[in-house]
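Enquirer: Here's a structure for you.
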Amino acid sequence: MERRAIEEEINKLQVEKLRIESRIISLQSQLNQNGQQKQLDDKNLSGWKTTSSPPYGDHGLSKELIYRYSRHLLLPDFGIQGQANLLNSSILVVGAGGLGSPVALYLAACGVGRLGIVDNDIVELNNLQRQIIHTEAFIGKHKVESAAAACRAINSTIDVIEHKGALLAVNALDIISKYDVVVDATDNIPTRYMINDGCVLLNKPLVSGAALGLEGQLTIYHYNGGPCYRCLFPTPPPTSACQRCSDSGVLGVVPGIIGCLQALEAIKLASSVGVSLSGRMLLFDALSARIRTVKIRERSLNCDACGENPIFTKKLFRSFDYENFTETPIFDLSCENLMLLSKEARGSSNEYEELLNNGKPHVLLDVRPAHHFQIASLPNSINIPLPNIEKELFTIDSALKEIGQCKETDSLYVICRRGNDSQIAVQILHQNGYSTAKDLIGGLISWANLVNCDFPIY
Amino acid sequence: MAAEEPKSEKGYDDDDDDDDDDETKSVSVNVLFFARARDLTGKSVVSLKIPCGSSAGSTMERLLCMFPRLQEICKSMLLAINEEYADESTLLKHGDELAIIPPLSGG
């Protein structure tokens, strides 16, 4: 007990230490930003901001803006007219994550007149591998604040509007209506349908990008008579088909590439330059270093959103339940939500810790994929990935034999990352005669949170 | 991946083809899997022998037999043949590339 109390005290102090360290980083960054702001103010005095000199000529650009955007103006296909169009345009970026990071940075840099950013999330350490607009100093702060600060740091001459909070059916039309072009940089299917329907109702072009793992997709919906998202996918894919980065992983640069292409298409639309990707979908395959552009279907006359007899009105839209329609939650809950097993077939991390402390012989089966198991695992656990369990029951049998137990033992425990797959595994085990196998509620994340804060969470 | 016995989707009239004839009248196509279709099949490409005159729809049915897990996305995906939009009735020729593209949603 003595030892445990000391360990608890150590854990508490470590948490406190982390909190203090992050507070120091945050204060240091504030200090830096104040310093930068002072430098900015000094520069403004020397007169490089748009307000400091009057427009030069008919296009409305001041000499400072002509200098800032000179490399755009030198492009014969873009020129002063393209830049002037851009400066007079407004673009809404929905999502300040992996896709939204490069989108917002490039749109700010290139001089979109008004740039809106919507996001509901807080910056977390595990975002920084791909969400390059955020920095360590902003961990724990709103992504919108962080993204807006980064955009303003690049270009203080544009209007950056922060829409803190989720884009939902109740507020989407009000927000979207304030912009000329919408960029979908979100990470979930219900929001994708909602943004699409909102853009169709308000007649805004939608630059839609998506990325997961080592693949990306990009197209423009509802532009120039082209199709909308619902024309292509009238039936939403099942939840199991809508993997998230937090489940499947994503190589950081992949959304970066798609985001850059989204920024490019948004800039082309806003400046009225070039031929858009409308009617075509770009498919990026990082693993084989291949980009394909596939022609997609025309607008569907039967489309619920943009067809001849659309079902959506603004009123219906505001009350439409997109989570129910797609059977997928908008927010990434990342916690156990399956409830397949009875209470008796489940154990807690604390119970398992007690069993370890008592030295009770048992078998711990870890059903995560092998590459997860390689990241971190509990001592003496056996890894059999969920899809292989039925094929590898003999492995469990021989492990049980080693501790002198049989199938009906109450010494067989199953763990996974979050406590969902472990329940499925226990069901399979029960069906195969391991009648008292138990899973550990909340998986390794619970273990790390409740028992051992040194155990890595990923 | 060899052609199965053609079922109802023969694109030609003769009912009494023997096996040799089927062989000459089958065509090879490549099927490309993207996004979730890649997870579900464990492959990014398969080459497939299909009866001459097969449609994208009948080829899809054949793929569902080979990879039953594809059922998950078959109501929500795009089909393209040689990078051009295809619907279920579009016919495949020898050497065609059929792409199966479910939507990605991550960001």
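Placed from the backbone N, Cα and C atoms, the Cβ positions cover glycine too.
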Enquirer: If TrEMBL is the reference, give me the range from A:3-30, A:31-58 marked as coiled coil.
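Expert: Within the set A:3-30, A:31-58, TrEMBL attaches coiled coil to A:3-30.
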Enquirer: I want to check the contact list for A:CYS306 (Zn(2+) binding site): same chain, sequence separation of six or more, C-beta distance under 8 angstroms. What comes out?
Expert: A:VAL200, A:HIS222, A:PRO227, A:CYS228, A:ARG230, A:CYS231, A:ARG299, A:SER300
Enquirer: Recorded positions A:GLY98, A:ARG130, A:ASP187, A:CYS231, A:CYS245, A:CYS416: which sit with Cβ under 8 Å of a chain B Cβ?
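Expert: Answer, by Cβ distance to chain B: A:GLY98, A:ASP187, A:CYS245.
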Enquirer: What whole-number Å value do you get for the CA-CA distance of A:ASN126 (ATP binding site) and A:CYS303 (Zn(2+) binding site)?
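Expert: The Cα atom of A:ASN126 (ATP binding site) is 39 Å away from the Cα atom of A:CYS303 (Zn(2+) binding site).
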Enquirer: Sequence order is fine: just name those recorded positions in A:LEU128, A:CYS303, A:CYS416 with a Cα within 10 angstroms of A:CYS245 (active site, glycyl thioester intermediate).
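Expert: Qualifying among A:LEU128, A:CYS303, A:CYS416: none.
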Enquirer: May I ask which residues of the same chain, at least 6 positions away in sequence, place their Cβ under 8 angstroms from the Cβ of A:CYS416 (active site, cysteine persulfide intermediate)?
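Expert: Those within reach of A:CYS416 (active site, cysteine persulfide intermediate), by Cβ under 8 Å and sequence separation of 6 or more, are A:ASP366, A:VAL367, A:ARG368, A:LEU386, A:SER422, A:ALA425, A:ASP439, A:GLY443, A:LEU444.
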Enquirer: For A:ASP187 (ATP binding site) and A:CYS303 (Zn(2+) binding site), what Cα-Cα distance in Å is obtained after rounding to a whole number?
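Expert: Approximately 23 Å lies between the Cα of A:ASP187 (ATP binding site) and that of A:CYS303 (Zn(2+) binding site).
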Enquirer: Other than A:CYS228, A:CYS231, A:CYS303, A:CYS306 themselves, what residues in this chain have Cβ atoms within 8 Å of the centroid of the Zn(2+) site's Cβ atoms?
Expert: A:ASN196, A:VAL200, A:TYR221, A:HIS222, A:PRO227, A:TYR229, A:ARG230, A:LEU232, A:ARG299, A:SER300, A:ASP304, A:ALA305, A:GLY307
